[in-house]
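Quick look at what Swiss-Prot lists:
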- 60, 63, 157: Zn(2+) binding site (BINDING)
- 221: active site (ACT_SITE)
């Protein structure tokens, strides 16, 4: 067995911007492994179930816990320790940023999907890689067996800063479609009891899959950024176990839906950095989901003051150093789970 399959992550990192060759391996249990590119592995059971599952990591290369989880699941599949019932596509999205140990090399990849990679005059390898990721997702979903099928995409991340709600997921804008009760239960089984509802289209990987392919797709934040080997894997055990169950079991049983177990937030404000002189009005170590009250100053964008518009307005993803025109701060307010349009 060559290095492609003996150590898929290491081989991927050796080919950080891609590999033109493809590789195939059929396991003794009949499962077919197809490597389409560095970091791109399709797993096809001999008799696939009705689900098509995309598991992506390393859109940001320093978010190592999801990379370790995907690495271990892949290794166990190859060693035939992990059964696979449903077609699964693993994507290690940005290997060059893994090697650099940084969030990205030149540009934030999670702002480059839904065709954003081709807009404007800027061109770089991250944009090229994002375009390839889109193509691989399309190829995977479009090559599924005929019949009634369900599509899933969980884009796994960890956050830069601490969070008062350690694990949370971003539910892409649904364009008026109802939310999935079963997906909230799946996330809860992963240890993710907090969900943020996007209120508009975005250029994230999960929104791309949701919008273009009607997939159940989420950006899943599983904790905080740590270097390789320093993640407390016990904190990620529920997520890893549930992801393993997703690809191995025909159906998952979550029991009755209990709204009070879920903490749901919707966007209140998106504050973009439009001026070079942008400053957040709180310390760098203030945690995600810290609450502010109406009228409290959140940031200065040049000479424009940005205030909280609601009592109980929580901050998410503050980053004063983003590129001009990008989001520097998101704020959210809680909404009752019972108020959602759920199916």
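Placement of Cβ uses the backbone N, Cα and C atoms for every residue, glycine included.
Structure coloured by features recorded in Swiss-Prot.
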residue: 60; record: Zn(2+) binding site; DSSP (3 states): coil
residue: 157; record: Zn(2+) binding site; DSSP (3 states): strand
residue: 221; record: active site; DSSP (3 states): strand
Worksheet item: Using a Cβ-Cβ cut-off under 8 angstroms and a sequence gap of six or more, which residues of the chain neighbour residue 63 (Zn(2+) binding site)?
Response: 57, 103, 156, 157, 158, 225
Practice prompt. Count the Cβ atoms, other than its own, that fall within 10 Å of the Cβ of residue 157 (Zn(2+) binding site), considering every protein chain shown.
Written response: 26
Item to complete: Could you tally the C-beta atoms, other than its own, that fall within 10 angstroms of the C-beta of the residue listed as 'active site'?
Response: 26
Worksheet item: Taking the Cβ of residue 60 (Zn(2+) binding site) as reference, which residues of that chain separated by at least 6 in sequence fall under 8 Å from it?
Response: 94, 97, 103, 104, 108, 109, 110, 157
Fill in: 60, 63, 157 excluded, remaining Cβ within 8 Å of their centroid (Zn(2+))
57, 58, 59, 61, 62, 66, 103, 156, 158, 159, 225
